[in-house]
Amino acid sequence: MNYSSYIALIPLLPLAAFVLLGLFGRKYFNQSAGIIATMLLLVAAGLSLYTAYQYFFVNGKVGDAYQSITAVKYTWLTFSENVSIDMGILLDPISVMMLVVVTFVSLMVHIFSLGYMKGEERFATYYAFLGLFTFSMLGLVVSSNLFQIYMFWELVGASSYLLIGYYFQKPSAVAASKKAFIVTRFADLGFLIGILILAFYGESLDFNTIIHNLTTQQSSQFLAITSASFLGVSALTWGLVMVFMGGAGKSAMFPLHIWLPDAMEGPTPVSALIHAATMVVAGVFLVARLFPVFSINSDALTVVTIIGVTSALFAAIIACTQTDIKRVLAYSTMSQIGYMMFALGVSGYGGENARLTDSVGQGLGYTASMFHLFTHAFFKSLLFLGAGAVIHLVHSNEMKDMGGLRKLMPITHISFLIACLAIAGIWPFAGFFSKEEILLAAYNKSMVVYVIALLTSGLTAFYMFRLYFSIFWNKEAAVHDHHHGEGTLSMKLPLILLAVCSVAAGFIHFGNYVSSDGTALASEFHLSFAAAPLALGIGGILLAMWLYKTANDKPERLATALGGLYKAAYKKFYIDELYLFITKKLVFNLIGRPAAWIDKNIIDGLMNGIAAATGWISNLIKTLQSGKVQNYLLYFFGGIAALVIIFIYIWKP
Amino acid sequence: MSDIPISHILFVSTALFFIGMYGLFTRRNMITMLMAIELILNSVNINFVVFNKYLYPDKLDGIFFTIFIVTIAAAEAAVAIAIIINLYRSHKSIDVEDATDMKY
């Protein structure tokens with residue numbers, strides 16, 4: 001079966017939805033926009049499932065390794081014989097997996113939004129933006145070269161900006177969208193530099209060519225990039241770290257995470273789609289895409305590991321203290337993405353089977369990271385959609401306004417519980433399996449990372465169940481708002497489907513399909529190894545239950561006892577304040593003001609001076625243009641007389 | 001004939017030229033100015049004829065030039081008078097001092 005006949009439709013269908021609804025939506029389709037977009041996406045999701053089936057089970061495998069297939073290749077701009085910018089579709093295990101994840105989660109969000117966004121004034125615009133986002137994300141995951149991925153990367157950022165700022169009447173939403181855009185844009189500067197370094201030395205933009213050029217030890221490109229150095233660090237490391245900086249910005253890694261919690265100003269389904277399941281994993285995807293190059297450079301991998309593990313722990317601590325449920329989920333997302341990042345960081349390249357005793361050269365971390373990405377997409381979007389349903393009922397984001405909702409919304413309650421169990425890593429839910437693999441990979445590589453990861457996993461269980469008990473138990477329901485109950489069928493259906501996925505996704509033998517070099521990777525399951533995280537997880541749940549199941553003053557007393565630590569975590573460790581200090585006080589005063597002064601006085605002054613001088617001279621000489629013929633005659637004869645004098649008496653050749 | 005020295009004739013043409021110049025600068029009436037221009041042209045004609053006669057008596061180039069200039073001057077006078085008539089129609093005057101619209 002030839003992929004090229006239909007695969008381009010997968011990203012193009014959401015684009016069609018965007019164009020159709022963006023141009024004509026408000027006028028003609030304001031009621032039917034949701035249905036139209038959802039139907040188009042349903043087709044796209046079906047096609048990507050079919051692609052996945054074709055790829056994984058029918059013809060993706062040659063020998064015992066999955067090949068990377070360029071399904072579509074279109075040369076867009078040709079600069080010279082060797083340098084061109086292409087648009088292409090690259091199929092390999094991770095891009096096919098991402099196709100399924102993105103279309104599926106997007107479809108769930110489309111369906112959920114049918115109920116959640118009903119009656120919004122800009123309903124069609126909302127769906128148009130969703131279509132744009134889905135198109136960009138799909139284009140990103142199937143990109144066949146660095147330039148294409150950069151273009152879609154920016155498109156994703158732009159559509160995220162549009163969706164965060166959807167409620168543009170709210171100043172906080174406007175500020176949040178601006179913040180998200182600026183922070184990620186800043187990180188993308190690094191990404192661009194990284195692309196230029198890699199493309200310059202790799203002598204290509206195409207992923208496969210770059211990877212081939214830069215990983216072959218004898219190639220001239222490899223020698224050039226490893227021998228060139230800047231500030232004592234090789235160009236290869238610089239390039240990779242810069243690319244990772246872009247990824248860290250998009251994936252909200254410490255210290256570029258500050259935009260993600262604020263991004264929760266957007267509509268909740270958007271948070272589920274963009275800021276939990278798909279866009280924020282773009283950074284992980286990018287590192288995974290270039291993983292063969294990363295894997296030969298241990299310095300870059302160390303950076304990835306440190307950033308990942310820091311973010312994981314840091315965000316988990318903050319999440320324990322936040323009271324806005326969407327912010328808790330945002331920090332939890334950051335923490336889980338930190339997990340995926342350091343899983344990549346501790347991974348090696350290759351398909352050796354994972355065993356407890358192996359300490360080097362295995363690609364378990366890579367598989368684990370992708371596995372976690374896959375399962376996380378399901379349960380995190382489920383959590384966000386559940387939170388959306390809760391907010392829809394309560395009309396508040398604050399935990400203190402909730403409590404006792406389990407009777408009012410049984411389906412949301414059960415699905416939320418499943419998602420919490422999954423993210424906490426309790427057997428047999430999906431998160432358990434992927435987290436096990438990550439922990440195993442960390443254990444094989446570094447004890448420090450393993451211990452921090454274990455700690456984080458306990459914290460994860462604690463804060464998720466803090467959230468769960470605060471929403472659904474704690475006190476009697478304060479809301480007696482029965483007139484719209486739990487929401488429409490369109491809001492319940494995605495919850496149920498995602499809950500099923502959150503249970504089932506863990507049982508996929510992921511290593512068989514996705515691994516760093518395409519060959520199957522069998523991971524063993526060790527009960528003894530699983531005991532520690534499982535025990536910590538259950539411990540976290542019990543602690544949360546003891547503190548939050550019924551309304552009491554234990555949490556306050558605990559917070560008081562922890563004192564400064566609690567306050568610091570509640571204030572998000574003052575990172576926002578630090579940024580504000582750096583930008584407002586340092587950048588504005590030391591760079592901005594002098595620059596403004598130079599602009600106002602010197603640059604503008606120069607221009608104004610030239611203009612004033614011109615005006616002054618014109619004033620002086622304008623009387624020459626008197627309009628009197630005889631004056632002109634006088635100048636004319638005067639000129640001739642002068643020329644005569646010059647030629648006869650002065651200028652003698 | 002040839003006992004009249006060339007300087008006498010050149011004196012006449014120079015006098016004619018500067019009379020024309022004077023007229024051109026001092027008169028305000030455009031018709032008079034046009035006549036002054038004719039004087040200048042004719043002083044040039046005299047120069048052409050004279051130099052031809054005294055320097056190259058066996059050639060006729062200077063005389064041809066003169067004939068051309070006379071012809072062109074006739075055409076130019078026609079154009080100039082047309083301009084003056086148009087100006088008179090729009091300004092009700094043929095005084096150059098009244099036609100200073102094309103100033104800064």
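First residue shown is number 1, and so on along the chain.
Cβ atoms are placed via backbone N, Cα and C, with glycine included.
Unlike curated entries, TrEMBL annotations are predicted automatically.
Lifted from TrEMBL, the feature list:
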| type | residues | note |
| --- | --- | --- |
| DOMAIN | A:76-127 | domain 'NADH-Ubiquinone oxidoreductase (complex I) chain 5 N-terminal' |
| DOMAIN | A:143-460 | domain 'NADH:quinone oxidoreductase/Mrp antiporter transmembrane' |
| TRANSMEM | A:6-24 | transmembrane segment |
| TRANSMEM | A:94-116 | transmembrane segment |
| TRANSMEM | A:123-143 | transmembrane segment |
| TRANSMEM | A:149-168 | transmembrane segment |
| TRANSMEM | A:180-202 | transmembrane segment |
| TRANSMEM | A:300-321 | transmembrane segment |
| TRANSMEM | A:328-350 | transmembrane segment |
| TRANSMEM | A:370-394 | transmembrane segment |
| TRANSMEM | A:414-434 | transmembrane segment |
| TRANSMEM | A:446-465 | transmembrane segment |
| TRANSMEM | A:525-548 | transmembrane segment |
| TRANSMEM | A:632-651 | transmembrane segment |
Considering only the recorded stretches A:6-24, A:149-168, A:180-202, A:300-321, A:525-548, state which has the highest number of Cβ pairs under 8 Å to the transmembrane segment (A:446-465). A:525-548
Mind checking which residues of the chain, 6+ beyond the ends of the transmembrane segment (A:525-548), have their Cβ under 8 Å from one of its Cβ atoms? 356, 424-427, 432, 435-436, 439-440, 443, 454-455, 457-466, 468-470, 473-474, 554-555, 558
So which of A:149-168, A:180-202, A:300-321 has the most C-beta pairs under 8 Å when paired with the transmembrane segment (A:328-350)? A:300-321
For a three-state summary based on DSSP, what are the helix, strand and coil counts in the domain 'NADH-Ubiquinone oxidoreductase (complex I) chain 5 N-terminal' (A:76-127)? 29 helix, 11 strand, 12 coil
